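K.L.:
Here you go, one structure.
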Amino acid sequence: MPSCQPGKMPAPWPWWLQLLLCIPSCVAVLPGRAGELKVSTQTGSVRGLSLPVLDGHVSAFLGIPFAEPPLGRMRFLRPEPVKPWQHVLDATSYKPACYQMVDTSYPGFQGTEMWNPNRGMSEDCLYLNIWVPSPRPKDAPVLVWIYGGGFYSGAASLDVYDGRFLTYTQNVILVSLSYRVGAFGFLGLPGSPEAPGNMGLLDQRLALQWIQNNIHPFGGNPRAVTVFGESAGAASVGMHLLSTQSRTLFQRAILQSGGPNAPWATVTPAESRGRAALLGKQLGCHFNNDSELVSCLRSKNPQELIDEEWSVLPYKSIFRFPFVPVIDGDFFPDTPEAMLSSGNFKETQVLLGVVKDEGSYFLIYGLPGFSKDNESLISRADFLEGVRMSVPHANDIATDAVVLQYTDWQDQDNREKNREALDDIVGDHNVICPVVQFANDYAKRNSKVYAYLFDHRASNLLWPPWMGVPHGYEIEFVFGLPLNDSLNYTPQEKELSRRMMRYWANFARTGNPTDPADKSGAWPTYTASQPQYVQLNTQPLATQPSLRAQICAFWNHFLPKLLNATDNIEEAERQWKLEFHLWSAYMMHWKSQFDHYNKQDRCSEL
């Protein structure tokens, strides 16, 4: 769990990043482009701006509303479609991010602050942004980005999500959308109309509906929409593949480092209700029913909810988040695991993958012995405590199984190996093996699946070398940031970014990421019999036979069976101890009686 204090805003961005944002007052609209910057939609007209990129321009339409502001009584409710407007809407600047916790763990450190809101925060936050090639295309493929952030943070306006490079180089339309996070988006009382849960997912769905109805005037093809996201954004993409009411709103899907079946991605209705009630108690609410609880929570200012939301977690852990999607019987008719195994999902082409060190980023947020400011060499005692926090739902037997699986028993006190093992445990458990299981379930239904492992560490990465290729650090290559000369990427990294943008765009166009210009050959499909994947780095495309097959068999098959078999072991042990105590007491009583009998004077035999 992050150790940061919410409410503090990040330090100002360096001047070169501020220039990158190209605020409207700095951008001249060239003659002949003015017509491209006004678009009429079903909800009203919008006027965007022209942004310079490389040796050309793209048109950007920033801050278009797709829902009514979820203010006042609309807090915790399903979103309502935006009402039409009559004026020409100024769409030349980003809108504020949705209210969320701000990471102040390392003040002034851009490695963390690059993920913090950079446009302020508001509950009035349901807007989307569109980047369009210039000149405006006709029926271009559309890529829709859903940001990650553990369902408690994230913003569509982050610099790393700047859509101009991907739009310009690949002649695609890029859309980024906002959705409510934390308690505002995922506090759930399933069955109650006051706070049904999954509001953030419904925000996303409403944005996808707006795109279906309105992307054509921007030059996009509503029948060629690919939804993509990273981490909780990837989990969201997977959830729309599962939810029957979302499936018709897009054609293809890309999941980067996340899936709907991840252990952190959903909670049960009982757990969701328990967390909502605990938040109310933490905020001093007195309530006898759902309406009274929600009424009290609506009376609190946003920062009060943010300050207390992490207190609802039931155990000390990392890679667990306070308010997440709930299995409500509506958006989700069943658990993601059950829906995937039964084939109850949208059958389509899927591109998915992970980065090399998925766990390292999370280790510094609470595991003993870890810090970005040292080598984080981990003692055996800290390793064992780290395992317990990394698998918080596991009983002692399952925890021991994880320790057994990841320990080098010939060198168990090696602090570097203990650090690397915890990196692997957190990454395998929370990201890699859920993604592998998702890919396997899709491949079994003969859907086209393409898989990757991104294992290039950026030359300008701010995180220490021991963290390797951390969670989230393929995104800059997908969005083309290395093409910005001021960010000091190497020529090889610029080429890697160009390749990755081509892969993603080719997939959006055709359902196959293969780049015809790539001499390395075709990107193989991932099948049930041949679960192949490619490595994405500065070297030529290389195919590998399977992704952590042995270790994912442990997480996806063995450990669930072990947990199921030992689910009642603590109760059985308690009953055994109670019965043993009763038996022991009985035996002590019998022995006492027997000793007393032996001491009695007895008549001699006649």
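Yeah, the Cβs are placed from backbone N, Cα and C, and that goes for glycine too.
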K.L.:
Between Cys296, Cys433, work out which one Swiss-Prot annotates as bonded to Cys552 by a disulfide.
P.N.:
Cys433
K.L.:
For the feature N-linked glycosylation site in Swiss-Prot, which residue out of Asn289, Asn564 does the record point to?
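P.N.:
Annotation hit in Swiss-Prot: Asn289.
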K.L.:
With H, G and I counted as helix, E and B as strand and the rest as coil, say where DSSP puts Cys98 (disulfide bond).
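P.N.:
Cys98 (disulfide bond) sits in a strand per DSSP.
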K.L.:
How many Å lie between the Cα of Asn484 (N-linked glycosylation site) and the Cα of His471 (active site, charge relay system)?
P.N.:
22
K.L.:
Taking only same-chain residues 6+ apart in sequence, whose CB is under 8 Å from that of Cys285 (disulfide bond), what do you get?
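P.N.:
Residues satisfying the criterion: Glu292, Leu293, Cys296, Leu297.
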K.L.:
Taking Cα atoms as reference points, rank the active-site residues Ser231, Glu358, His471 by distance from Cys552 (disulfide bond) and give the first.
P.N.:
Glu358
K.L.:
Between the recorded positions Ser231, Asn374, Asn484, where is the Cβ count within 10 Å the lowest?
P.N.:
Asn374
K.L.:
Within 10 Å of the Cβ of His471 (active site, charge relay system), how many other Cβ atoms are there?
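P.N.:
There are 26 such Cβ atoms around His471 (active site, charge relay system).
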K.L.:
Among the recorded positions Cys98, Cys125, Asn289, Glu358, which ones place their C-alpha within 10 angstroms of the C-alpha of His471 (active site, charge relay system)?
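P.N.:
Qualifying among Cys98, Cys125, Asn289, Glu358: Glu358.
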